[in-house]
Amino acid sequence: MAFLLHQARFYTTVNHLRDLPPTVQPEIAFAGRSNAGKSTAINVLCNQKRLAFASKTPGRTQHINYFSVGPAAEPVANLVDLPGYGYAEVPGAAKAHWEMLLSTYLATRSQLCGLILMMDSRRPLTELDRRMIEWFAPTGKPIHTLLTKCDKLTRQESINALRTTQKGLDAYRDQGVQGKLTVQLFSALKRTGLDEAHALIESWVRPSVADEKNEPVAQ
């Protein structure tokens with residue numbers, strides 16, 4: 001999947017659900033709080049410096065950005081960069097637009113095959129992170145959490161963050177969530193967890209290929 005993601009390019013930007021492209025390829029959504037490192041993670045995963053852009057004013061970007069991956073003539077999937085959330089200075093109208101846009105997209109988009117949820121490893125599972133899970137979990141599709149910026153933690157702090165997040169996800173399973181809920185440590189700066197994330201994304205987009213390679217998938 002590393003080579004597949006490295007063939008990523010900008011496809012389109014939409015600001016309303018009615019403008020979502022009528023594509024047939026599977027989609028993988030990337031979501032996370034403002035300043036959780038979402039754009040940086042997408043760029044590192046795709047081995048590009050400026051594919052995804054972070055807004056100069058965190059939380060102000062309210063668009064959905066699509067990136068196609070695979071051969072340009074026959075893309076095999078789309079990466080979907082969702083607006084960042086949780087920034088205190090965002091006006092109320094923008095917050096309402098964000099909530100409608102994301103909740104409806106996550107709950108109803110048939111092409112969506114999984115959600116990559118970025119959480120700052122220093123403060124995982126905020127209220128808004130949980131809201132994202134609760135919007136998407138009823139679909140039964142998988143959610144994989146990247147605990148970003150783990151290079152800022154000590155080894156023990158990283159272990160604690162992973163355990164705390166896993167425990168929080170286990171609580172959703174206990175409540176009857178059927179989709180897979182997995183988590184890993186990730187650092188764009190140190191490239192920690194890059195291969196693990198690539199393998200998991202490939203298992204979503206091309207499960208038969210992943211099975212043949214017997215790629216490990218995060219638990």
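Glycine is no exception: its Cβ is also placed from the backbone N, Cα and C atoms.
Swiss-Prot annotations:
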- 24-207: domain 'EngB-type G' (DOMAIN)
- 32-39, 59-63, 81-84, 148-151, 186-188: GTP binding site (BINDING)
- S39, T61: Mg(2+) binding site (BINDING)
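Distance between Cα atoms for K149 (GTP binding site) and S39 (Mg(2+) binding site): 13 Å, as a whole number. Of all the binding-site residues listed (K38, H63, K149), H63 has the fewest other CB atoms within 10 A of its CB. When the binding-site residues N35, S39 are scored by other C-beta atoms within 10 Å, S39 scores highest. For P83 (GTP binding site), the Cβ neighbour count at a 10 Å cut-off comes to 23, with all displayed protein chains included. Neighbours of G32 (GTP binding site), defined as other CB atoms within 10 A of its CB across all chains, total 27.
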